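Data block below; observations after.
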Amino acid sequence: MFPKEGLPLVNPDTSKLSAMDLCKSQLGDNFFQSVKGMKILDKSAFNVKVIFPCVIVKEADMRNVVYMLKSYQLKLRQVSPVMEYDQACIVSDTKDHLTKSKTIEQIKSDSDNKETLNVEESPNDKKRIILLNPNQVAKYDDFGTENIAKLETANVGPSSFAFVELPLTYTHFSAEEILEAILPNDVAVSSFTAVGHIVQCNLREELKDYRHIVGQVLLDKLPTCKTVVNKAHNIDNTYRNFEMELLAGEDNMITTHKENKCTFKMDFSKVYWNSRLSTEHERVVKDIQKGDLVLDAFAGVGPFVIPGAKKGAIVFANDLNPHSYEWLKQSLALNINPRKVLHTPFTATNKDAREFLQTDARAAINEWARKNTDPNARIRILMNLPARAVEFVQYLKMLKRDEYKQLKHEPLLYLYCFLPKMNLETKERIHCTHAAAELLKEHGVEFDGESMTPYFVRNVAPNKDMYKILIRMGEKLMVSEKREGDVEGQEEGVKRAKCEE
């Protein structure tokens, strides 16, 4: 199917080009209707032919012309903008209304073509083709007067302008484009995240029948992907690491992931990791300074504490999940430069958070307070367990009054929780603070609203957001008049519920 008056301009205000937009502009919106609803991948169904504008250039002029046309060159997935002359299929110029395909030699000898191609007849004169972006160029005059004058100095005139037909295949389309063509119009893959070589999907129920083709497309299209899994609805009640179904690729859940200039190794099927929180990890790590004491009650494999330790913080990291604890230690080892041994203490424990806070954290605070000489160093307590962290705040009431008075600054608590959706740019910020205070009050902790500041982290459901509540831990919140040496009432099944919905 050839356009009648040159190629139509597609989104003429932008140079961005995708294979899908190109096909729609030339072949119509329904050109891939035959693949809609496909459940077993047939890559050949994506074979199509499309037309691009081009210029034919003598080899001797290529360097200059390529430079001149840099901003006009075709930038399309898996397509080089430069082609060999004898490998191209040129279609008839606009005077013939592009009604049939012709080779270059046929156009040269065609008596209907009033202008000859701007190429020498010498068989030794090699020629090449530069493909152009149809979003920007539909005819020679689209180059503009100034550019045309420059092109003519390099022997590129109107007769050098033509259209070339090229085949597009499955490889030219992105994962998003393939899935858009395959899946029913009313459903889409909402999101997926990468953890090392593993891509994790969270497919809705209506995509159940398409899950394996979705997995195959992602495996094909994402460069570092070797394994695609889908999050199942069943969640382990103890450690909250979700069950997963292998959709495509290798059944290998041990992966290495890079974030914040650190390397984390883990068995993704047995620990919690959420790549969507990478920005939040970075924000908190930015707060951490050399000499700070960082206490992480739900550390996982260490996205906060390992970068913090590299900055020179003193770290005490805890997690109830024994797998997280082991991978935390392995990840720490991966980030220690043998030539520059980690110069600040890093202690990892595998305990219930109640016990950790009442024993290890308390001892760490007292020791740090005695030894710290930096007036700017702070104590930072991390509780990234949004589903249940509020239950543990009461256990921060662990110090004696004289122990608290040793501290130069109020400790800062980074408390994560789920709250109803609010706009923190408006007066709803006050409502968010009140909601957080009420949530804590339900668990026996009375807060002065002025001591806490809410920060939006991310949306997890239509009417539910994840927030970080930064709390200045005053004496009232940390001093226990009746301090108990042991942690009572521990529940065996309580675990860091790193919960994302």
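Glycine is treated like the rest: Cβ placed from N, Cα and C.
Values in this document were obtained by computation on a predicted structure and should not be read as measured data.
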Candidates H281, H409, the one TrEMBL lists with D319, L320, D352, A353, N384 as binding S-adenosyl-L-methionine: H281
Region 'Disordered' range according to TrEMBL, out of 142-161, 482-501: 482-501
Least buried by Cβ count (within 10 Å) of the binding-site residues D319, D352: D352
Binding-site residues (L320, A353), the one with most neighbouring Cβ atoms at 10 Å: A353
Collapsed DSSP category at A353 (S-adenosyl-L-methionine binding site): helix
Intrachain C-beta neighbours of H281 (S-adenosyl-L-methionine binding site), sequence separation six or more, cut-off 8 angstroms: E259, N260, P303, F304, P307
